[in-house]
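To start, the structure itself, in structure tokens.
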């Protein structure tokens, strides 16, 4: 009984052992931005020409997360699965054991590990390849450039595969409904960019292919930007029958007229990062000098008030001195008149009440008394 059981189990164990020995696992990393495309290669290199019977692409968001199907290929039928529908394509040549996958419009949730499994006809061998995908925030699709400057327009297809771009087209459109103009073309066979003869006067000698074509980089440099260069630039990368497109909107800014450079204009640039420290120092200095400023203002106000008072006093003195003699004279005259009037009245009263006593003839026989007037003036002699 033991021998037949051993004979039955030997092929199974042998097949399992061969399967483990022939298992090939490799891992690569790829970094893309949200909204971009990622080409994940999965090519089985073999000297024997054997047909691929099955290709499976699996996704895992974490180390202990459950694997989800992304796409499977069987019997010449490729089927995307789950949330990856309409976003993944099997772009490899199955006849050459190429099961590469293209993931378009990458989302943040797409970050994780993608595993490809290729099975060959009449073989227990399973070829596996893992790609770790890192997703970065969305890259800006708009550029700003000043007139006369140079700007680089990026166009890169991130890939871990061995597919190389065969052709690149750069087109320009000045508006939504404007016709597209071909500004540059690149063919891998020619190894040089070819311009569009119809637009030689527009982009001639101003567009240069600066990307590394061996890494599917078709970036260009636009020199001497003009105001008429404002618009949309579309890059088309061709990998055989596969086409990858990216559009960038360029905004052109007119240069401001040059003005006279003054120390005040240079001050913000000179200060740089120390502006905040200087501003705080100015505020603190102002607070410390505030009491001094208040004293100065008070002294100035006091001096001003004193000067005003002095001016008013001088004005009053000038007004009083305008006719001094008149007032003094009037006052004195009035007083003298009163005194004279009083003395006159008294004199008159005395004169009126007093009767002159003429000397008797006895006392002065030879000298008759002279008659005086009321004012004391001798009257002329009159004959009786």
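Note: Cβ is positioned from N, Cα and C throughout, glycine not excepted.
Across the domain 'Ig-like' (11-126), DSSP helix (H, G, I), strand (E, B) and coil residues number 21 helix, 51 strand, 44 coil. What TrEMBL lists as domain 'Ig-like' is 11-126 (among others).
Feature annotation from TrEMBL assigns domain 'Ig-like' to 137-237 (among others).
As annotated by TrEMBL, region 'Disordered' applies to 357-384.
The annotation signal peptide is assigned in TrEMBL to 1-19.
The transmembrane segment annotation in TrEMBL covers 276-297.
Helix, strand and coil content of the domain 'Ig-like' (137-237), in residues and according to DSSP, is 13 helix, 41 strand, 47 coil.
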